[in-house]
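For reference, the structure discussed in these notes is given below.
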Amino acid sequence: MADSSSSLPPLCEKISYKNYFLRVVDLTILGFLFSLLLYRILLMNQNNSVWVVAFLCESFFSFIWLLITSIKWSPASYKSYPERLDERVHDLPSVDMFVTTADPVREPPILVANTLLSLLAVNYPANKLACYVSDDGCSPLTYFSLKEASKFAKIWVPFCKKYNIKVRAPFRYFLNPPAATESSEFSKDWEITKREYEKLSRRVEDATGDSHWLDAEDDFEDFSNTKPNDHSTIVKVVWENKGGVGVENEVPHFVYISREKRPNYLHHYKAGAMNFLVRVSGLMTNAPYMLNVDCDMYANEADVVRQAMCIFLQKSMNSNHCAFVQFPQEFYDSNADELTVLQSYLGRGIAGIQGPTYAGSGCFHTRRVMYGLSIDDLEDDGSLSSLATRKYLAEENLAREFGNSNEMVTSVVEALQRKPNPQNTLANSLEAAQEVGHCHFEYQTSWGKTVIRFKLYHSRLLI
Ligand SMILES: O=c1ccn([C@@H]2O[C@H](COP(=O)(O)OP(=O)(O)O[C@H]3O[C@H](CO)[C@@H](O)[C@H](O)[C@H]3O)[C@@H](O)[C@H]2O)c(=O)[nH]1
Ligand SMILES: [Mn+2]
């Protein structure tokens, strides 16, 4: 856990971008706007309706201008120092990473595979990570592609770590040839890895048009007679990190899940998928932190988890006061100018006031906040207050809130009390994981009402 010594340099800092010259300019503009409105009001009686319309438009403009200027008044951003993490934190916390996909046509499986590969390869101890992909399309093709990708991960992840590759989504990384200055060993490994990635792409492409492989393996039996909106829960542990040495230890757990869907049950789209991801990961790994990434994105920074941990674990910021860490999104395939305005001006402005807004993807949350805790429920040392213990841990409450699965309730209690997860093998939780995939979890419990759906969008805790 985090070292409390204050003599060590901080894990992250808030950088302020206050600009007094800009503030004077803004105050001058505000003065002009007020004088204009005052002028309109004073001469209102002597003019016609055009004057009134002009007054209304200028008032509206002034209001919007004032709103935006107040947001931008004290811009700030957070700078993290992941290189300091190892000397400050001796036992890094676990992180469960979630990817949601819903449609193998609109979201090509090779892209989802790249998202998965970029997450499996992040710079973080692999035994502290687990990646869960939720497939609302219940697509055997997506499952096939991800399974193949997890085989390729055993080449890709060691390659990225050995050469400290920055972009860890192979489809982006292999766009550029290696620099001429690279060693011959690197060039050789680069060629081999690229060839293996091309083989993976080809296998996925071939499988797209031809489904004979569906019958060839028992593993795909669960997908027979399923429709995207009518099927039972599927949970498959594709790769389990059981420790050991070398490659075996370098690739994090990877679990494929597809929750039950029935035509007469609303499934709550991504929010429903996220609920199921939280439940299954709670049963299997129960990490205190969770990362949520859309399937058409990838982690473009290998240190992303370490950066988030710098912010969560920075003592001076009080880790209990931090509910989520949101990373900005960048687009590689569209004009990003409008995003610069959003992120550099408004994003930094909001970060200066309290913290960024939740953007739906690229966000780390603490599990306890997802289960309903707020700052008021915690003592200074992060333990549950006695009032919160009565409120959250009462047996009848737990079943009503989280459902009738005993294993689920146990995992929630352990997460709320910050107990380390006992090291079970993932396969031991398969039956319980199937159970929490039922549609009724979204109806007879708080999952479909407040857990996640409420917390994601109304969390009051900041960074
Ligand atoms: O029934 C569904 C529908 C969508 N998704 C997934 O949800 C994500 C976002 O859906 P998308 O259709 O791509 O929405 P966007 O408008 O592109 O996404 C933005 O807006 C959403 C909220 O409206 C956020 O949840 C997203 O994170 C944010 O990137 C994707 O990974 C989908 O695969 C599901 O898992 N199940
Ligand atoms: Mn999208």
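Using N, Cα and C of the backbone, Cβ positions are placed for all residues, glycine too.
Sequence annotations record features per position, and here TrEMBL assigns transmembrane segment to 20-42, 49-68. Sequence annotations record features per position, and here TrEMBL assigns UDP-alpha-D-glucose binding site to E107, D136. Taken from TrEMBL, the feature Mn(2+) binding site covers K270, D294.
On the structure: features taken from TrEMBL.
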| residue | record | Cβ within 10 Å |
| --- | --- | --- |
| E107 | UDP-alpha-D-glucose binding site | 20 |
| D136 | UDP-alpha-D-glucose binding site | 21 |
| K270 | Mn(2+) binding site | 20 |
| D294 | Mn(2+) binding site | 19 |
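Distant neighbours of the transmembrane segment (49-68): 29-30, 33-34, 36-37, 40-41, 43, 346; these residues of the same chain sit at least 6 beyond its ends, with a Cβ under 8 Å from one of its Cβ atoms. For ligand 2, the binding-site residues lying close by, meaning a CB under 6 A from one of its atoms, are D294; the full candidate list was E107, D136, K270, D294. Between D136 (UDP-alpha-D-glucose binding site) and K270 (Mn(2+) binding site), the C-alpha separation comes to 9 Å.
Look at D136 (UDP-alpha-D-glucose binding site): DSSP puts it in coil. Under DSSP, E107 (UDP-alpha-D-glucose binding site) is assigned to coil, being neither helix nor strand in the three-state scheme. Between the alpha carbons (Cα) of K270 (Mn(2+) binding site) and E107 (UDP-alpha-D-glucose binding site) lies a span of roughly 14 Å.
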